[in-house]
């Protein structure tokens, strides 16, 4: 769980992973950056830019896999609306199925919303990427952009949520999902058990509707947590929208 591979072919986005607060988490050799923008075009990124980088990506992944004593699978974090997260990632997942067919692939997918859309082609990219996700992902956790904005605005009293607020909320969801891998427990001891315990039908890779996992626990603002009493029944009640 400690090895990461990060890819980015879009040079127009800020390189926060290289210069941000958490830059020391990622090894510099595992940060791959391209010089060409896919312009939010799924076909261009999937069939052109993706083919240019696939050998480099697979080589870096192979080196990380060789360092693992027992490779269980892959956790793929990506967005479905723009650039690298949709087109190149879907192409990479196809090759992961070819080279690591027996290894589990868990995807954490950020779905776009009309209220916070930044590109007109996001619906098209999402549909095309979803098809690949259904075919090559063993278990997919969907995160709705609008839902996390509503949680920050309505439940956490954040008037103008920043990317830091959104990422911290998503990190709490990922942390709760992977808790059984990091701590002792009876369920989900390894990645292969996620699909068995969470997916109802073999033809379905998504265990929950968008952001259902985040609704399992009530959220409190940072200002109210000092005086707000947190009884156990309130923590166990789901958040209603």
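Keep in mind that glycine also has a Cβ here, set from the backbone N, Cα and C atoms.
These figures come from a predicted structure and were not determined experimentally.
What Swiss-Prot records for 1-10 is compositional bias 'Basic and acidic residues'. Look at Swiss-Prot and you will find 1-20 tagged as region 'Disordered'. The annotation GTP binding site is assigned in Swiss-Prot to 10, 79, 83, 84, 118, 145, 167 on the grounds of similarity to another entry. Summarising the annotation, Swiss-Prot assigns Mg(2+) binding site to 10. Residues or ranges marked as compositional bias 'Polar residues' by Swiss-Prot: 11-20. Annotation source Swiss-Prot lists active site at 193, citing similarity to another entry.
Everything Swiss-Prot records as a feature, shown here on the structure.
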| residue | record | Cβ neighbours (10 Å) |
| --- | --- | --- |
| 79 | GTP binding site | 21 |
| 83 | GTP binding site | 25 |
| 84 | GTP binding site | 24 |
| 118 | GTP binding site | 10 |
| 145 | GTP binding site | 23 |
| 167 | GTP binding site | 13 |
| 193 | active site | 15 |
Rounded to a whole number, how many Å is the Cα of residue 167 (GTP binding site) away from the Cα of residue 193 (active site)?
26
Can you see whether DSSP assigns residue 145 (GTP binding site) to helix, strand or coil?
helix
What is the separation, in Å, between the Cα atoms of residue 83 (GTP binding site) and residue 193 (active site)?
31
Coarse DSSP state, helix versus strand versus coil, of residue 167 (GTP binding site):
helix
Between residue 79 (GTP binding site) and the residue listed as 'active site': CA-CA distance (Å):
25
I want to verify one value. Collapsing DSSP to three states, which class is residue 118 (GTP binding site)?
coil
